[in-house]
Structure formats: structure tokens, C-alpha cells
């Protein structure tokens, strides 16, 4: 019989100091990069996302040395949907989630192979780029022009984004993915920013949280996606007034019971310790939450045998909740965990490496411009 909410709350470990079993979580993420259990088979087309949870989790635990970085980088580049020689598929470029289509292995920047069903997926492009930066790659083999062209093709007239060019649901999740892609590539030509901002603004609900779209229910995940997107754009305080931001802060801070839930009257769930916690961090009021209750709830979902975190106590751990549980603990500066960048959802070490990359691109572009001017004169 499933545990009631009261039983879950009672089992949250409040009042006792629970240990964070770092080494077991390292081994859990290692296994996620190898052979996955049968129950993960339906996620084969999203394997790159599972790799992101594992790699970023290891990065947060300062344990990337346990993986073969070069092999994984080659695998990720083999998932890049590259332009064909005639560039007829430019609006389909990005990263796919795995090799399920049987496209020839091609980790280079050579022209892609035409396939009628091959296209990038917006979430896979986001996680693929994130993984490359996490692993220390310089993104030199990323066809940035093609990724941005593929991204532009996914934006709808209302400012939201689809996941794939054939069409799919369109909501705040993919606005966030698009914002991360543009931020990582240091090029916002991949979207009509004004339309995206309008979409985020119209998604504010009557109770002051953000929904997946206009007229829908406020949700902790979509509130994070909207607020984080605006922070990456550098537009948060331009879009919402101080009064509106205070209302959003109140909605978010009311999501804490012991851990956090995503909507009123819903059970708490490990992943919202990041989704809502990171939003509060971006809004600069995370320090007013109850760290002890949140920590105890997260650790009550820790699998003490195999590592990882579940959404609820006494449930099976999975890659998503394992990663976001660690990120939630990072927001509270748990010992043994690196700091997380609350908007980009990677370690601050990785975000700083990305800024160094941006600076090197800028220096390279300036040098090329100077050389071109010198040649023309």
C-alpha cells in the first residue's frame, strides 16, 4: 500500500541528523552511464538527458575523474545533427537523444547524413551542450550556426518553443531549454527574445506563480523555467515590477512544507528542492527558508544501499531525482558538494569555464576582424 502524505512526513527524518552518502551517489551515477535497468528502456530516445544527470551529478560531487571523458565527448558529438552538403536540413539541426535511428557514427564537423526522420530535439541540444562543457570540451566541433538555425525553427508565433520540427507540445520547459542554448553559445539570434519574454509574462497566473503557458495552473517547475530564462537573458527586473516579484517570491516560499511541492495541496517531492529552491535563490530569498527541514526531507529519500535519491521516502531512486536532490543540497551548501549555478543548472565551476570560453571566442573574433581590416587596407 502506498504511504500516505502523513506517513511520508513522519518518515522524513526530522529531528535527527542524516548522513549524506557521497561515495554511493558517485557509484550510482557511474552505473547510469553504463547498462541501464529495463525500466529505463522507454527513455532510450532521451539517453543524452540521462547522461546529463549522471555527468553533472558527478561534476557536483567533484568526481568526473571516474569516467572516460574523451570517449563520452566523442559519443556526444556523434549525436549532433549536422547540415547536409546542400544544407536542406538546416532547420532540423541540433542534437538527437541517442543513436536509435542508426545514423552513421560521425563525431566530426563533416557534412551530415540525410535521413527523413532525423532531427535535433531542443532538450537534447541543451543537455548535449551542457555535457560537453561539463567534460571540459571547447565546443569547437559544435556547428553553432546550424544549432541556432534549428532552434529558430522551433519557436512559435506566441514565443514558446516546440521540442522537434515535426511539432510537439510547446511550453515553458522548452523556452528554458532555448534560453540555455543561446546563453551557452553566447548568441541570442536563436530566438526572438521579445516574443519569448511576452510568453513568459503572459504565463503568470492569478496566484502569482508561472504556468506552462497562459491560462494554465502555476507550477514550481515552470516558475523556475520562466524566472531562470529571464535571468539568463538579463531581463528579470525589466519584465516584472518589484511588486510582481514580491508576489512571485511569496508564491515560491509557500511551497515549502518540509521539502517542497510544485503546486498547492500536492505531496512534497525531492526535485522541487531544486526547482523551487533555485528560483528562491535567483530571487535572493532562499536564506529565509528552513534548511534543516529541507535537508532532512531530501536525505530521507536517499537510498542507503545503492545510492541515488527518489522522489519520496521508500521509493526507488532514479537519475533525475538523484541529480536534483544533490543540487537541492548544494543550494544549502552541503559539505562535499560543489556549488550549483541556479539558473544554468550546472556547477559554478562549469559555468565559469563557459564564461572563459565566451571570452576566448570574443578574443578570437576580434583578432580575425583586425586581420581582415589589415588585409583590406
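Cβ from N, Cα, C; glycine included.
According to Swiss-Prot, the geranylgeranyl diphosphate binding site annotation covers 219, 220, 221, 263, 264, 265, 266, 272, 273, 274, 275, on the basis of similarity to another entry. Under the heading Zn(2+) binding site, Swiss-Prot lists 269, 271, 321, citing similarity to another entry as support. The feature repeat 'PFTB 1' is assigned by Swiss-Prot to 144-186. For 193-234, the entry in Swiss-Prot reads repeat 'PFTB 2'. Look at Swiss-Prot and you will find 245-284 tagged as repeat 'PFTB 3'. If you look up Swiss-Prot, you'll see 291-333 marked as repeat 'PFTB 4'.
Take the binding-site residues 219, 266, 321: by the count of other Cβ atoms within 10 Å of each Cβ, the lowest one is 266. Other residues of the chain with a Cβ within 8 Å of the Cβ centroid of 269, 271, 321, the Zn(2+) site, are 270, 272, 273, 301, 309, 310, 311, 320, 324, 325. Residues 81-83, 90-95, 119-123, 125-126, 129-130, 133, 192, 194-200, 203, 210-213, 221-222, 224-226, 228-229, 232-233, 344-345, 354, 358, 361 of the same chain sit 6 or more residues outside the repeat 'PFTB 1' (144-186) yet have a Cβ under 8 Å from a Cβ within it. In sequence order, 254 make up the list of same-chain residues 6 or more apart from residue 264 (geranylgeranyl diphosphate binding site) whose Cβ falls under 8 Å from its Cβ. If you take the Cα of residue 321 (Zn(2+) binding site) and the Cα of residue 266 (geranylgeranyl diphosphate binding site), they are about 17 angstrom apart, rounded to a whole number. With a threshold of 8 Å between CB atoms, the same-chain residues lying at least 6 positions outside the repeat 'PFTB 4' (291-333) that come near it are 3, 8, 11-16, 18-21, 23-29, 32, 50, 53-54, 56-57, 60-61, 256-260, 267-271, 273-275, 277-278, 281, 339-340, 342, 345.
Note on the repeat 'PFTB 2' (193-234): DSSP counts are 24 helix, 4 strand, 14 coil. Residue counts for the repeat 'PFTB 1' (144-186) under DSSP (helix as H, G, I; strand as E, B; rest coil) come to 23 helix, 3 strand, 17 coil. The distance from the Cα of residue 275 (geranylgeranyl diphosphate binding site) to the Cα of residue 269 (Zn(2+) binding site) comes to 10 Å.
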